[in-house]
Amino acid sequence: MAGEQTTTEYISHHLTNWTYGYLPGEGWKVAYNAEEASAMGFKAIHLDSMLWSIGLGIVFCAIFWMVARKVTSGVPGKTQAAVEMIVEFVDNNVRDSYSGTSKLIAPLALTIFVWIFLMNLMDLLPVDFIPMIAGQIGALMGHDPHHVYFKIVPTTDPNITLGMSFSVFILILFYSIKEKGLGGFVGELTLHPFSAKNPIVQIILIPINFILEFVTLIAKPISLGLRLFGNMYAGELIFILIALMPFWIQWALSVPWAIFHILIITLQAFVFMMLTIVYMSLASSTEH
């Protein structure tokens, strides 16, 4: 594919999602190119990101469900041993970092870690393999293969990463209000970090405190989502740039980068999980 397109077209093709949305003047349709996808704005859905994220979520649930069905107290198989190791790893991190009493946090952390890891893992597939298959299927259906877009790494889509981070943010707000009450939650936003014994001075400080605390609060989901997106997007872009090089150089660079990238995809899943645990712990804490 790289040989049939210019460098710019090749990179743009691999970084464009399979998008369905509302295009002004043409109605609801699948975007024919990156310009149409951009013109759709917020009235669009990235079908490939949805397909892969939901599919990998089902794979995660299916694997853990099958292991739970066949669990044995004797010598475990390789799959059971791997699942038990992951569960124990996540559980230990929750015990060490979460000070609340909710039983939701451990399953939440496990889901986040494994799901993000599986989505990140797709970045290790050859960059042209799945898009080439998608292009051939599109050609059989009468479409121009150069205008068939199919990204396979959901975490390189900010809609996915920010969607997950703002879902965590909703839980943070819920547990903050649940544990501290509405008054306590509002007090955290308006009475800290600056306080005064003089009530008039305290009233003056309320808008300042609110601005500072609100920015701190809203920065949590934004930084959580963009950190994952930025690291995975950069990793995917490097793989694409390597694919543009001569064949003999590709192997010399792609293998070391893929080995190093295994650390990145695992680390990013771990960081997202740990920050979720810490944020939920802070939300459940009655101390400020």
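Cβ coordinates are placed from backbone N, Cα and C, and glycine is handled just like the others.
Among the features that Swiss-Prot reports, transmembrane segment is placed at 47-67 (among others), with the record citing sequence analysis. Outside the transmembrane segment (47-67) by six or more residues, the chain places 17-20, 30, 79-80, 83, 111, 114-115, 118-119, 122, 149-154, 157, 159-160 with a CB less than 8 A from a CB of the stretch.
According to Swiss-Prot, the feature transmembrane segment maps to 104-124 (among others).
Cβ atoms under 8 Å from those of the transmembrane segment (157-177) belong to residues 17, 46, 49, 53, 100, 102, 108, 112, 116, 119, 151, 185, 188, 220-222, 224-226, 228-229, 232, 272, 276, 279-280, 283-284 of the same chain, restricted to positions at least 6 beyond its ends. Here Swiss-Prot flags 157-177 (among others) as transmembrane segment.
Swiss-Prot lists 199-219 (among others) with the feature transmembrane segment, giving sequence analysis as the kind of evidence.
Annotation comment: Swiss-Prot describes 237-257 (among others) as transmembrane segment. Remote same-chain residues near the transmembrane segment (237-257) are listed as 2, 7, 10-11, 14-15, 123, 126-128 (criterion: CB distance under 8 Å, separation of at least six residues from the stretch ends).
Residues annotated as transmembrane segment in Swiss-Prot: 258-278 (among others).
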